[in-house]
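Visitor: Straight from TrEMBL, here's the annotation block:
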SIGNAL    1-23  signal peptide
DISULFID  C32-C227  disulfide bond
DISULFID  C154-C164  disulfide bond
DISULFID  C168-C177  disulfide bond
DISULFID  C178-C186  disulfide bond
Amino acid sequence: MARSVMTISFGVSIAFFATAGEAAIFTVVNQCPYTVWVASVPVGGGRQLNRGESWTIRRSACPPERRRRHDVVPVRRQRPGLVPHGRLRRRAAVHGLRPVPNTLAEFALNQFNNLDFFDVSLIDGFNLRPGSRRARVPQPRGAVRGGRHGAVRCPPELRQDGACNNACPVFKRDEYCCVGSAANRCGSTNYSRFFKGLCPDAYSYPKDDATSTFTCPAGTNYRVVFCP
């Protein structure tokens, strides 16, 4: 079964996997007290979202033979050292987009049991705080929210360009990246627990599945809100 891939990034990336024939509408809302500039690849061009503005992205149904990826990348962040936290994996850098830190939001549409699966990941760090919730179709597990409001202090060794990196991109050690010698026995670390404390719903390390994956019925539309 073919899948198309869509990623939206505002300091947050929303990675988006869809089986053929599925479509969804994403409404992106900037509630931050500052302007966010975004660029969309390969379709959509660029977009500036001032405070209170929104952007509707329609993920059209794709034929089985076609794969598509969509990336949206931020151009502005807050001042260094004081980092607004974010939520919702590593995709932007490998596609020539803004390197980590990136907070990622991922949507896999119409998967097992006709469900959409979605998550927020801090595995690549963060610099904006989004929330994600369904726009229609009632579902108890249909909302993901960031942690505390406002800004948080990032550990000094993880600070980068006004954002907060995660331990894997910084130290490149197996135990932080869940690869090599730690591939089959990866667990939480002091750094991942720091991120989990900020955003309990989000992925804090690659094997953090049990508390970090959410579902909605296939056919759901979504609102992605920054600074909810």
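Just so it is clear, glycine is given a Cβ too, placed from its N, Cα and C backbone atoms.
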Visitor: Cα of C32 (disulfide bond) to Cα of C164 (disulfide bond): how many Å, rounded?
Guide: 18
Visitor: Whole-number Å only: compute the distance from the Cα of C177 (disulfide bond) to the Cα of C227 (disulfide bond).
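Guide: That separation, Cα to Cα, works out to 28 Å.
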Visitor: Sort out for me which one of C164, C186, C227 has the most neighbouring CB atoms within 10 A, since those are the disulfide-bonded residues we care about.
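Guide: Ranked by Cβ atoms within 10 Å, first place goes to C164.
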Visitor: Of these disulfide-bonded residues, C32, C178, which scores lowest on Cβ atoms within 10 Å?
Guide: C178
Visitor: Just name the most isolated of the disulfide-bonded residues C154, C168, C177, going by other Cβ atoms within 10 Å of its Cβ.
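Guide: With the disulfide-bonded residues C154, C168, C177, fewest surrounding Cβ atoms within 10 Å: C177.
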Visitor: Spatially, which candidate from the disulfide-bonded residues C154, C186, C227 is nearest to C168 (disulfide bond), comparing Cα atoms?
Guide: C186
Visitor: Where C164 (disulfide bond) and C227 (disulfide bond) are concerned, what is their Cα separation in Å, rounded?
Guide: 16
